[in-house]
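The structure under discussion appears below in the form of structure tokens.
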Amino acid sequence: MLNQLLGLLFRNPLLLIYPIVLDGLSFIAGLMIVGFIGTPSLSYRLILEMGIPSVSYVSNIPQFVNQLQFMGGAVPASAWIVVLTMLLATVFAQGGYIASLRNATLGQPNSLRQFMKDGKSHWVRFIFIFLIFTAAKTALTTLLVALFNAIGLFLSLVIFVILRIRYIYLEYCIVIDRLNVDAAFRQSRRYVQASSFKTFGLVAVLFIASGTISLLLHWAWSPVAVMAAIPVCAVVSGVIQLAFMQQLCQTKQTF
């Protein structure tokens with residue numbers, strides 16, 4: 001199965017080009033604004049994001065400008081322009097990337113023109129998703145930390161992981177089923193219930209792979225390690241996301 005997924009990924013090179021280009025731009029912009037920050041450490045982060053991959057999703061160090069955490073510390077306020085631009089570019093790319101996963105799975109051709117068309121069709125909904133997730137994470141983490149101190153931080157992570165698994169196909173539903181946000185939540189839950197065993201297996205693979213990449217990245221943290229991680233994340237996440245898309249397409253046939 002792995003060889004099949006790798007072959008499918010490399011036959012659709014745009015699935016690698018999109019995340020590599022976006023991450024490369026985000027990393028370069030981060031270097032220009034704050035330089036290279038952080039030191040090697042034993043740390044890891046489980047990926048909770050679906051859609052277009054990014055090294056920033058497995059890094060606890062805010063080196064990439066495609067995340068709000070970049071604006072902490074002594075970062076100049078003018079950097080907000082760059083951060084918001086990259087966030088919008090990432091949101092726009094979500095629809096195109098997920099549609100490209102579907103096209104690859106179904107044996108249909110992918111093109112930059114189609115990517116732009118799909119991104120344009122879905123970017124507003126993905127902005128809502130981003131705002132919902134950001135507000136929910138901030139509110140829940142703040143509340144639990146206020147109530148339980150350090151334990152609250154752990155509890156919030158557990159809750160986020162459970163919810164992420166429950167709605168693992170959320171972003172896919174927005175694009176593949178062309179649903180609005182609230183309907184996509186419900187449909188994602190149905191897909192998970194209909195394919196729970198296989199979906200949970202893929203989630204386990206996602207968490208193990210992302211945790212391993214994150215651990216190695218933090219351990220070897222350096223500009224070279226980050227640059228190496230960009231294509232690695234694109235390949236590993238691309239393979240796993242194709243597996244999720246194949247599972248979703250199979251599950252849809254039972255509905």
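Note: Cβ is positioned from N, Cα and C throughout, glycine not excepted.
Residues or ranges marked as transmembrane segment by TrEMBL: 15-39 (among others).
If you look up TrEMBL, you'll see 46-65 (among others) marked as transmembrane segment. Beyond the transmembrane segment (46-65), the same-chain residues lying 6 or more positions past its ends with a Cβ under 8 Å from any Cβ of the stretch are 18-19, 22-23, 26-27, 29-31, 33-34, 36-38, 72, 79, 82-83, 86, 90, 93-94, 97-98, 126, 160-161, 164, 168-172, 206-207, 210-211, 213-214, 217-218, 221, 226, 229-230, 233-234, 236-238, 241, 244.
The transmembrane segment feature in TrEMBL is assigned to 77-101 (among others).
Annotation comment: TrEMBL describes 122-140 (among others) as transmembrane segment.
The transmembrane segment annotation in TrEMBL covers 146-163 (among others). Away from its own ends, the transmembrane segment (146-163) comes close to residues 46, 48, 137, 140 of its chain (Cβ-Cβ under 8 Å, at least six residues beyond either end).
If you look up TrEMBL, you'll see 199-219 (among others) marked as transmembrane segment. With a cut-off of 8 Å between Cβ atoms, the residues of this chain six or more beyond the transmembrane segment (199-219) that come close are 40-47, 55, 57-61, 165, 168-169, 191-192, 225-226, 229, 232-233, 236-237, 240, 243-244, 247.
Look at TrEMBL and you will find 225-245 (among others) tagged as transmembrane segment.
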What parts of the chain pack near the transmembrane segment (225-245), using Cβ distances under 8 Å and only residues at least 6 beyond its ends?
1-2, 5-6, 8-9, 15-16, 19-20, 23-24, 27, 47, 50-51, 53-55, 57-58, 63, 98, 101-102, 104-105, 168-169, 172, 199, 202, 205-206, 209-210, 213, 216-217
